[in-house]
Amino acid sequence: MIWHVQNENFILDSTRIFMKAFHLLLFHGSFIFPECILIFGLILLLMIDLTSDQKDIPWLYFISSTSLVMSIAALLFRWREEPMISFSGNFQTNNFNEIFQFLILLCSTLCIPLSVEYIECTEMAITEFLLFVLTATLGGMFLCGANDLITIFVAPECFSLCSYLLSGYTKRDVRSNEATMKYLLMGGASSSILVHGFSWLYGSSGGEIELQEIANGLINTQMYNSPGISIALIFITVGIGFKLSLAPSHQWTPDVYEGSPTPVVAFLSVTSKVAASALATRIFDIPFYFSSNEWHLLLEILAILSMILGNLIAITQTSMKRMLAYSSIGQIGYVIIGIIVGDSNDGYASMITYMLFYISMNLGTFACIVSFGLRTGTDNIRDYAGLYTKDPFLALSLALCLLSLGGLPPLAGFFGKLHLFWCGWQAGLYFLVSIGLLTSVVSIYYYLKIIKLLMTGRNQEITPHVRNYRRSPLRSNNSIELSMIVCVIASTIPGISMNPIIAIAQDTLF
């Protein structure tokens, strides 16, 4: 009898929760229509996996890619609409948030074709891989529009949990397991630090959780210059620094990059940076508006450390993925310049533009690494020697992406850095910009060192991996080459037409 009553209560509670969720989706679903498309794609993937055999694998890729493209289309159709707040103030929709969501969707759309051949060759579970990628994308999109502390915590955890699972996807690989453990432990610690900072912010504002209400609460309680806010700022900066791989919270990055499957590294290297940058711009600009001098100083120190350590340590690396890990630490230091400049002097516009170029440069480089790794089984930089003699297309593609990452003209990376540094210079960040310029020169050195190896023709320097290299057919349907071509074009041509891109980015400001 007691069990029967408990069962009825459980059914009633479940029904109430379902009806409340249905009510929210019915009246607020239009605000998260791009996210709803991804959720529908996730459900379709699960249904197909449960009801079909291995012959329907192409459908899984098609559904994943289509749901991402449709989400991008939904975002573009909603462009220039008035800012809206939904879900009782938990979610905000505006152009600024939507362009970060667009960048995350773009990353995922390019990463799926980049992963197809790798998954087939390594015999990884396909459905779970795609589910984790789409769920992480969904978490990143919700993070971009998060308007309260609870959503800001839950959304990145959704992204992070999928990232942990993806990094350890090759379970038989000891390095992958090690990378997952380090990522999980350090990620959990950083989340705890972030939440501790949120608790100080919550208490100081008089119990508010919405970002704008926190700022108003700090004025009402006159706590905006209190020691509690300084403590909150330090803890939140450390937590966000981990998500961005800012020094000194960068220790996890090289190990995770080296141990994780290469397509996973490509995905994490860009999506995590975009999502965390969206979080940083909103949380520093709104609740910490009255502490702008303090967080500017904190971010300047972290950016300088990241640019110097990232680029100097990258010189000594022998693994291509570890080199790109340290390179990404330096690259995010450049992005921080745009966050510090902010609305004034087009800081956010230059940051968004550079992140768009960084996505194409980084994913193009990883596409080349995936292609080379599948044919040779190595990740050592020395083993790339003489690649041009065997596969000129792959060698030239990798060279162009690396040169663009280094910021050599007339490639997109040069114009992106130029505009970013110019905005920083106009804002008076002379020392920070000078460090950025010097470390960019350092980065060009180790990129050119790799390009020199690629183009060498001396037999004594060519390794057995390149001698036995199997080049794919010219008319191949290789999906990696599709991603590679798109990224290489995006890393070279857009730099020439910077003005329209900057103009679009300027329209995304608050």
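The backbone N, Cα and C atoms fix where each Cβ goes, and this holds for glycine too.
Keep in mind that what you see is a predicted model, and the values were worked out from it rather than measured.
What Swiss-Prot records for this protein:
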- 57-77: transmembrane segment (TRANSMEM)
- 99-119: transmembrane segment (TRANSMEM)
- 124-144: transmembrane segment (TRANSMEM)
- 149-169: transmembrane segment (TRANSMEM)
- 183-203: transmembrane segment (TRANSMEM)
- 227-247: transmembrane segment (TRANSMEM)
- 295-315: transmembrane segment (TRANSMEM)
- 323-343: transmembrane segment (TRANSMEM)
- 354-374: transmembrane segment (TRANSMEM)
- 395-415: transmembrane segment (TRANSMEM)
- 418-438: transmembrane segment (TRANSMEM)
- 484-504: transmembrane segment (TRANSMEM)
| field | Touch test for the transmembrane segment (124-144) and the transmembrane segment (57-77), at least 3 Cβ pairs under 8 Å | value | yes
| task | Answer with yes or no whether the transmembrane segment (99-119) touches the transmembrane segment (354-374) by the criterion of at least three Cβ pairs under 8 A, sequence separation 6 or more. | result | yes
| query | Are there residues at least 6 beyond the ends of the transmembrane segment (323-343) whose Cβ is under 8 Å from a Cβ of it, and what are they? | reply | 244-247, 250, 253-254, 256-258, 265, 269, 273, 277, 280-281, 284-285, 296, 299-300, 302-307, 309-311, 313-314, 317, 350-352, 354-355, 358, 362, 365-366, 369, 381, 405, 417, 420-421, 423-424, 427, 429, 432-433, 436, 439-440, 443, 446, 450, 509-510
